[in-house]
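According to Swiss-Prot:
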{"type": "REGION", "residues": "1-63", "note": "region 'Domain I'"}
{"type": "REGION", "residues": "64-142", "note": "region 'Domain II'"}
{"type": "REGION", "residues": "143-153", "note": "region 'Flexible linker'"}
{"type": "REGION", "residues": "153-203", "note": "region 'Domain III'"}
């Protein structure tokens with residue numbers, strides 16, 4: 001069982017990142033792959049959860065230990081698989097997620113892709129009062145907007161839209177926010193993706 005891997009980020013795409021460790025490239029499925037774009041070819045530490053099935057072994061990567069622990073809590077809930085858990089964690093407002101669980105805010109929880117009312121209620125039921133130190137350590141990650149004007153159909157925007165689809169948002173949902181993202185002042189795919197998630201959570 002792995003706790004974390006430390007190596008070079010050699011590839012980033014909408015579904016995963018590749019981390020090269022001592023000549024071996026590990027494919028890590030992560031909540032927001034483009035978070036690692038600025039770390040390309042740099043040594044980073046990524047926390048890891050290993051899932052073993054009859055047909056494959058999948059590695060899930062996390063920015064820090066809190067994110068990993070929150071993922072493990074989420075997949076313990078009936079109806080929440082690894083893909084759904086990653087889609088939930090893609091929204092960097094983990095403190096908002098934890099507050100929603102503690103306050104039985106079902107409306108907030110159903111905004112995540114693949115989470116209906118029944119599953120949202122199950123999340124609150126199973127995890128309320130069981131998050132321990134996560135409730136104290138969760139932090140709100142702010143977004144930084146760079147004043148560059150409209151970016152049009154930039155490669156960064158296209159990558160962000162693909163990443164939203166990979167997280168499970170429907171084509172209709174992604175299309176609805178595309179005009180706002182086109183006008184959003186951003187420089188990187190990660191910034192577009194964070195803004196897209198913020199807009200989808202407001203629906």
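Note: Cβ is positioned from N, Cα and C throughout, glycine not excepted.
Here the region 'Domain III' (153-203) has, by DSSP, the following mix of helix, strand and coil residues: 38 helix, 0 strand, 13 coil. Secondary structure of the region 'Domain I' (1-63) per DSSP (helix as H, G, I; strand as E, B; remaining residues coil): 7 helix, 38 strand, 18 coil.
The DSSP breakdown of the region 'Domain II' (64-142), given as helix, strand and coil counts, is 46 helix, 2 strand, 31 coil.
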